[in-house]
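K.L.:
Swiss-Prot lists these features:
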type     : residues : note
ACT_SITE : ASP106   : active site, proton donor/acceptor
ACT_SITE : LYS168   : active site, schiff-base intermediate with acetaldehyde
ACT_SITE : LYS197   : active site, proton donor/acceptor
Amino acid sequence: MNDNRHRSKPPASLAPRDLAALIDISAVQAFHTEADVRELAEIAVAEGFIAAHALPNFVPLLRSLVPPGGPTLVGGPVGFPSGGHTTRMKIAEASELAEGGAQELDMMINVGRLKSGDIGYVRSEIRAVVEAIAPVPLKVILELAHLTDEEIRTASAIVAESGAAFVKTGTGWTPSATTLERLKLIAVTVEGAVEIKAAGGIRSLDAIAEMLRLGVTRFGINTQVAVDLVRQCAALPGSRLDIAGKAD
């Protein structure tokens, strides 16, 4: 049920540390190495990014490198990147990651089942994983590049009622950038019942400000781009990013 718990307005402006506290960085491409994960942890902690994510086999290492009790959470992906794993596989993977120290998980939705109209399967799978890892929060990835507008609405509604913490736009494994138009579809559908994480092609402070005004509360951004954006924020007048801007 929609309880509007996430509908608070965004702040009027953000300082660099506030911005970093909205950004996840990651090393989840197939070619990322142990050295990349170590660098990821170092950057995440130094910059105060809210989360760092690594591929499942590197999550224990990442957990050991990020100080407990600090501002940076450790996360990992589930059913990544295709979403085509069975529900039992996703539960097992998510449970192992949670037991290994992951503090939040991003799970790929089963796109094939969604596009086949098997809504019951998609809904029950998300709920099963949410229950298996509770209280670890789950973000559900839609991969918008593969979906029609109607499928985005359907998937967003499923996530909103599933007990997941976030609906997320994409994995970062497709070339398509997240657009404002498709974010609006998600925001209008979920009506604040679940938080929104935008990921994919976010490369400017203006885009972040616009997305925050739409209701986005978390961003997945390329590590170097994220560092650059925090630096750009620090260079703005008063070292603050204006969010209030023109309302849509």
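Including glycine, each Cβ sits where the backbone N, Cα and C put it.
Could you give the neighbours, burial and distances for every feature on this list?
P.N.:
Look at ASP106 (active site, proton donor/acceptor): DSSP puts it in a strand. Its own atom aside, the Cβ of ASP106 (active site, proton donor/acceptor) has 27 Cβ atoms within 10 angstroms in the protein chains shown.
DSSP assigns LYS168 (active site, schiff-base intermediate with acetaldehyde) to a strand.
Note on LYS197 (active site, proton donor/acceptor): other Cβ atoms within 10 Å of its Cβ, all shown chains, come to 24.
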K.L.:
Identify, in sequence order, the residues in the chain of LYS168 (active site, schiff-base intermediate with acetaldehyde) that are 6 or more apart from it along the sequence and have a CB within less than 8 Å of its CB; answer 'none' if there are none.
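P.N.:
Counting only residues 6 or more apart in sequence, the Cβ neighbours of LYS168 (active site, schiff-base intermediate with acetaldehyde) under 8 Å are ASP106, LYS139, VAL140, ILE141, LEU142, ILE196, LYS197, ALA198, ALA199, GLY220.
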